[in-house]
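Structure first, then comments.
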Amino acid sequence: MAQNLDAQYNAAVERFRSEEFPMIRVDSIYLDHAGTTLCPKSLLEAFARDMAGNLYGNPHSASNSSQLSTSRIEDIRLQALQLFGASPDEFDLVFVANATAGIKLVSESLRARDGGFGFLYHQASHTSLVGVREEAQSSICLSEDETEELLAGSTTSLDLVTRSPPGAVLLAYTAQSNFDGRRYPLTWADKVRRAHASGCTPICTLLDAASFVSTSPLHLGESKAAPDFTVLSFYKIFGFPDLGALIVRKQAWHLFESRKYFGGGTVDMVVNFKESWHAPKNGFLHERLEDGTLPIHNILALGSAIKIHQGLFGPMRTVSSHATFLAQEMITNLQNLHHSNGEKVCTLYSPYPKPNVDGNGWNQGPIIAFNICTSNGSWVSLGEFEKLASLRDINIRTGSLCNPGGIAIALALEPWEMKRNFSAGLRCGADNDMALGKPTGVIRASLGAMSTTSDVDRFVAFIVEFFCDDGAASRDLQTPRVQPSLASGEAELCVDSLTIYPIKSCAGYSIPHGKQWQVRPEGLAWDREWCLLHRGSGQALSQKRYPKMALIKPVVDLESGRLAVGYLGEPIPYLPERVSVPLSHDPSVFRPSTYVSAAPSRVCGDQVATKIYHDDELNEFFSKAIGVPCVLARFPPGSQHGDAQRSSKARLQKHQITTDQESDVQEVHPGSGTTTDSTWGNDKSQNILLSNESPILLINLASVDALNQEIKSRKGSSAVRIPTSAFRANVVLRRTDESRPDGAQGLPYAEERWRGLTIGNQTYTMLGACRRCQMVCVDQVTGCRGDEPFSTLSKTRRFDGKVFFGVHMAWGPGSPSNNVVAARGDVAYPTIEVGERVLVHV
């Protein structure tokens with residue numbers, strides 16, 4: 001019966017989803033409803049009609065428009081209370097920005113009481129709840145057992161936060177973990193109130209219902225059994241508006257009496273000349289706490305949101321049943337995935353949803369936290385998972401999910417481990433998410449009212465396609481450790497092409513045939529010396545987020561001594577045909593250094609002291625071209641000093657180690673964030689400019705050809721050849737004699753086993769394989785994004801959970817054959833040229 005009802009619900013959503021939620025494209029999957037759910041088009045249309053058809057004024061005035069606003073706001077306040085089963089006779093609702101703002105309002109009010117307050121919080125609390133401990137006189141994080149003891153009447157935890165008697169004790173907990181979806185009894189507030197009714201210090205309760213109410217009905221009922229404070233965010237239920245609520249039991253109103261601050265609209269009278277005196281409003285609690293003008297339009301939109309949501313999806317209990325059914329399906333399907341050797345693909349941290357013992361609701365919400373393992377038992381990097389998910393337009397959350405207790409318990413992370421990881425540079429959202437082979441975050445799939453069985457099926461199919469080893473072709477390749485057969489120094493390759501990318505992540509400039517190009521320790525001359533910085537954040541822009549950057553074409557004009565830049569996209573009104581800047585380090589074209597230091601730039605996670613151009617017309621050219629407010633900045637050679645210095649991140653990978661190299665590889669001490677590194681080559685770290693990882697990136701045409709053959713074998717006639725430009729390499733090598741049988745250098749991917757190269761008369765050291773992301777899928781001619789070649793690379797070139805193609809290398813004056821000539825005090829660096837012969841050192 002339940003399945004039939006859900007089938008009806010699912011069919012109804014399928015019928016109207018394309019019309020109501022056009023932002024979910026046919027190939028998209030949205031699985032981040034715990035972050036925010038999606039807003040139906042009819043809600044936006046209803047809100048627009050309301051705004052266009054009615055005149056709403058500031059509620060603090062007495063005009064007709066103001067009175068209309070006041071009347072509507074109070075009606076919607078009542079609707080919101082009724083939505084959560086809260087009688088206006090026993091509760092008041094305070095509009096706030098979001099759940100976090102409600103939590104902060106409570107904590108600041110309790111802090112102002114004589115003696116402050118003690119704080120007890122459950123281990124599954126969101127970071128916004130944990131942060132309250134900084135406002136408290138003392139605080140304790142409660143485990144499951146300690147919480148049960150407190151509810152049973154134990155004063156052990158209570159005594160620890162009341163040694164210096166506080167004005168109150170606050171117990172905070174979540175109705176549903178935003179980490180793994182576990183639900184906690186809504187009866188805790190009543191239980192703790194009854195168990196400690198005779199105590200000297202009153203215990204008040206704060207319920208974080210933000211995650212819970214997104215897909216489940218909340219009925220606060222009688223105030224004597226309800227939490228003193230309940231916080232939530234409406235956008236998690238309706239997608240729009242961006243608004244939150246703090247619902248307060250009237251018996252707890254007195255806890256706000258010590259609050260100091262007052263804003264406009266919350267007082268009846270203020271004296272500030274000769275005397276300081278004010279009279280707070282003494283009616284409803286919300287009149288004293290809603291400082292300043294309310295977010296009028298957000299509140300008005302809430303009225304439409306409640307009506308539209310109920311019209312589309314019915315009562316919340318129906319939404320809850322549907323979302324729970326989908327969660328059961330996803331958990332079952334993920335649990336049943338196995339590699340060909342029998343090992344499980346997924347490690348799940350969320351339990352299978354079951355009805356509560358009392359028959360009221362479920363013990364688990366529609367949130368599934370998990371990680372993925374390879375067939376050999378190693379963890380799949382969250383960064384690699386996100387790259388593939390982004391490629392398939394799967395919108396999902398990864399990381400520690402703003403839940404420190406949940407992540408620590410699920411991954412068995414001790415405090416010392418988390419501190420060590422932080423010291424090693426690991427951050428939530430950073431690309432490096434493994435510490436000594438152990439994950440530091442999880443994947444979270446969360447479902448909502450407009451999710452369907454198709455979303456679940458297609459997501460599971462995605463996991464199978466990219467992460468399930470069926471035995472036919474291993475998803476995580478283990479390259480044999482073999483000794484290359486050809487002797488070192490045999491010539492068979494030459495330089496096919498040379499390309500530099502003067503502006504990071506923009507189009508490349510091909511070095512003409514016959515042109516000798518200078519090579520420096522930081523890389524090829526003029527390569528990635530400039531970048532575009534976001535005006536607001538100072539973050540360097542990249543094609544990964546802004547693919548139109550591929551259409552910005554720089555040209556190095558050595559005769560005029562300038563870098564000329566044009567735009568190859570569709571014509572943009574009033575956009576100059578081209579702009580240019582001097583190649584010389586002319587200080588007059590940059591903003592003063594004091595201006596730069598106030599807003600440091602960030603490139604690939606590094607803080608960099610770039611020099612920003614002050615020409616407004618120049619910066620406007622780039623802003624218009626890619627549609628993002630940005631400025632042009634430069635990080636020329638010689639800028640690397642102190643904290644601004646950038647070093648190569650490239651290193652030898654496990655799959656590159658041949659038999660005779662094993663003794664050259666050593667383990668790195670714990671805390672470094674890596675597991676192995678190379679010790680051969682230059683013993684000094686290589687300085688780099690604005691490249692991601694190394695001074696020079698090299699690819700082999702034999703490898704590009706092999707990859708294209710693989711794509712063709714998988715996609716047949718629909719396959720489109722991937723050009724070398726997709727990989728944005730500086731140096732492309734090719735065979736000099738195509739008629740010869742394949743030798744070691746002619747084999748695809750043989751470059752990953754080379755120790756070094758001699759090009760012309762200069763020696764280069766190989767630093768390690770190049771880790772790839774979905775940016776290789778951006779067409780460098782059109783700026784459009786596809787799914788190849790990363791889709792095929794992830795299935796054929798994945799090692800240790802990471803995808804590689806091409807190799808990093810560096811030239812350095814430390815090699816015996818590399819002579820740097822000093823002439824008249826200037827350094828004369830060597831050159832490289834298209835067509836030069838290449839000797840391989842294996």
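Placed from the backbone N, Cα and C atoms, the Cβ positions cover glycine too.
Pulled from Swiss-Prot:
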- K236: N6-(pyridoxal phosphate)lysine (MOD_RES)
- C402: active site (ACT_SITE)
- 637-680: region 'Disordered' (REGION)
- 663-831: domain 'MOSC' (DOMAIN)
- Task: Pop the Cα-Cα gap between the residue listed as 'active site' and the residue listed as 'N6-(pyridoxal phosphate)lysine' into the table, whole Å please.
- Result: 16
- Task: Only counting partners 6 or more residues apart, tell me which same-chain residues put their Cβ under 8 Å from the Cβ of the residue listed as 'active site'.
- Result: H126, T127, S128, N178
- Could you check what DSSP calls the residue listed as 'active site' once collapsed to helix, strand or coil? coil
- Task: Express the predicted model's confidence over the domain 'MOSC' (663-831) as a mean pLDDT, rounded to an integer.
- Result: 78
